[in-house]
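Presented below is the structure to which this report refers.
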Amino acid sequence: MTNIRKSHPLIKIINHSFIDLPTPSNISAWWNFGSLLGACLGIQILTGLFLAMHYTSDTMTAFSSVTHICRDVNYGWLIRYMHANGASMFFICLFLHVGRGMYYGSYMFIETWNIGIILLFTVMATAFMGYVLSWGQMSFWGATVITNLLSAIPYIGTTLVEWIWGGFSVDKATLTRFFGFHFILPFIIAALVMVHLLFLHETGSNNPSGLNSDTDKIPFHPYFTIKDILGLLLLIFLLMTLVLFSPDLLGDPDNYTPANPLSTPPHIKPEWYFLFAYAILRSIPNKLGGVLALVFSILILAILPVLQFSKQRSMMFRPLSQCLFWILTADLFTLTWIGGQPVEHPFIIIGQLASILYFSIILFFLPTFSLLENKLLKW
C-alpha cells in the first residue's frame, strides 16, 4: 500500500515542501530565518486576532481600548506586548534574511527574490498601519507625516492623500480603514509566502558555497526540521525575554499620550525598523527627491541580479566584496541611529554621507570590486 504521505493530494504537497524536500547538506544557520519568519507571521496573526476581539477602531475609544486590553483583559498585556515586540522580531529576521540573500547571491533566483521584495514592502505597510492603531501621539503624527509624503507626487499628490485619509486630515475614517487593511494584509502576506516558496522549490535552495549542490542533497526532515526548531526556541526565548522584562524598550514614550491633533511632538520618528529609510528620506532637502530615495532604498534590491558581475555567486570566497558588505551593514546601523536623532548639525551631514555611501556601495563599489576580483583570480 502506498504511503498516505506520498499519495494524498493535500498531504503530498506538505510532504514535498517540508518532509522529503531535497536540501543542500551544507546550509548554515543563516538559512533558518525563512522558517523563523513563518513563525513570526503565525505569532502575529494569532496575537493580532485576539487583540482585534477587544480593540475598537474609533478615534474616541481606540486609545482607551488598548489600555483596557492591557489592564482588564485576561493576559491582555501579554498578547499586546507579544504583538508589538513580535513585529520587531519579524523585522530583525527580515533584515537578516535579506542580508543572507545578498551575501550568498540568493538574488539570482529572480522570481523568488522579487516576490521577497514585494513581501518586504507589504510587511512594512502592515507594520506602519499597525503602529497607527494604538492612536497615541506618535501614531497620529507618524500617520500624518508618512501619508503626507504622497502629496509630493506631481499633479495627483494632494488628491491622493485626501483620498487615503478619507477627509482633510488623519481622522476616524483613516483609523477605520487602516484597521481594515492591517487585518487583511497578513493573510495576503501568507498567500505571497506560498508563492515565494513555490518559486524557491522550483530551483531548490542556494547554499553557502554558491555552487550547484544537486549531487549532495539530504531530506529536509529530520535534519532541518530539528535545526529549525532550535532556531524557533531561540526566537521565542528572545521575544519572551523582551516582552517580560522590558516590553517598552523599543517603543516611544510619546505613544502613551493620547493622539492630539493640536500638539505636535518635538521629534516625530517611526518605529526603529523604519529609521534607516527615514534617515535616507530626511537626507534629501527636496520632498519628491526624498520620497524617491525612500522608495529606491528598498527597490534597489530588485536590480542586484543585474549588477552581478562576479563569476562566483556567493561572497564566501570574495574577501573584497565581503569587506564592502560589512561596510554596508555598518552604514545601515549608522542610518538607523541618524533616523532617531533630531534634524540638526552634525546629524544632517552624517545622514547625507551615510545615504550617499549606501547607494554608492550597491550601485558602484560592489559591481566594480566584483570585476576586480575576477581579474585578480585570472578568470
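Backbone N, Cα and C define each Cβ position, glycine as well.
As recorded in Swiss-Prot, the features of this protein are as follows:
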BINDING   His83, His182  heme b b562 binding site
BINDING   His97, His196  heme b b566 binding site
BINDING   His201  ubiquinone binding site
TRANSMEM  33-53  transmembrane segment
TRANSMEM  77-98  transmembrane segment
TRANSMEM  113-133  transmembrane segment
TRANSMEM  178-198  transmembrane segment
TRANSMEM  226-246  transmembrane segment
TRANSMEM  288-308  transmembrane segment
TRANSMEM  320-340  transmembrane segment
TRANSMEM  347-367  transmembrane segment
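Shown on the structure are the features that Swiss-Prot records.
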residue: His83; record: heme b b562 binding site; DSSP (3 states): helix
residue: His97; record: heme b b566 binding site; DSSP (3 states): helix
residue: His182; record: heme b b562 binding site; DSSP (3 states): helix
residue: His196; record: heme b b566 binding site; DSSP (3 states): helix
residue: His201; record: ubiquinone binding site; DSSP (3 states): helix
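The stretches the transmembrane segment (77-98) and the transmembrane segment (226-246) meet in space: the count of Cβ pairs below 8 angstroms, excluding pairs fewer than 6 apart in sequence, reaches at least three. Around the Cβ of His182 (heme b b562 binding site), a 10 Å sphere holds 21 further Cβ atoms from the protein chains shown. Non-local neighbours of the transmembrane segment (288-308) in the same chain are 98, 102, 105, 107-108, 110, 113-114, 117, 120-121, 124, 149-150, 152-154, 276-278, 280-282, 355, 358-359, 362-363, 366-367, 370; each lies 6+ residues outside the stretch with a CB under 8 Å from one of its CB atoms. Ranking the binding-site residues His83, His182, His201 by the distance of their Cα atoms from the Cα of His97 (heme b b566 binding site) places His201 first. Neighbour counts were taken at the CB atom with a 10 A radius for the binding-site residues His83, His201; the maximum falls on His83. Remote same-chain partners of the transmembrane segment (178-198), defined as residues 6 or more beyond its termini with a Cβ less than 8 Å from a stretch Cβ, comprise 17, 37-38, 41, 44-45, 48, 52, 55, 57, 112, 115-116, 118-119, 122-123, 125-126, 129-130, 132-133, 143. Residues 279-280, 282-284, 293, 296-297, 300, 304, 307, 309, 321, 324-325, 327-328, 331-332, 334-335, 338-339, 341 of the same chain sit 6 or more residues outside the transmembrane segment (347-367) yet have a Cβ under 8 Å from a Cβ within it. Sequence-distant contacts of the transmembrane segment (320-340) (same chain, six or more residues past either end, CB-CB distance under 8 Å): 99, 102-103, 269-270, 272, 274-280, 282, 310, 347, 350-351, 354-355, 357-358, 361-362, 365-366, 369-370, 372-373. Taking the Cα atom of each, His196 (heme b b566 binding site) and His182 (heme b b562 binding site) are about 21 angstrom apart. When the alpha carbons of His182 (heme b b562 binding site) and His201 (ubiquinone binding site) are compared, the span between them is 29 angstrom. A straight line from the CA of His83 (heme b b562 binding site) to the CA of His201 (ubiquinone binding site) spans 30 Å.
Using a 10 Å Cβ-Cβ cutoff, His196 (heme b b566 binding site) registers 21 neighbours.
Within 10 Å of the C-beta of His97 (heme b b566 binding site) there are 20 other C-beta atoms, taking all protein chains into account.
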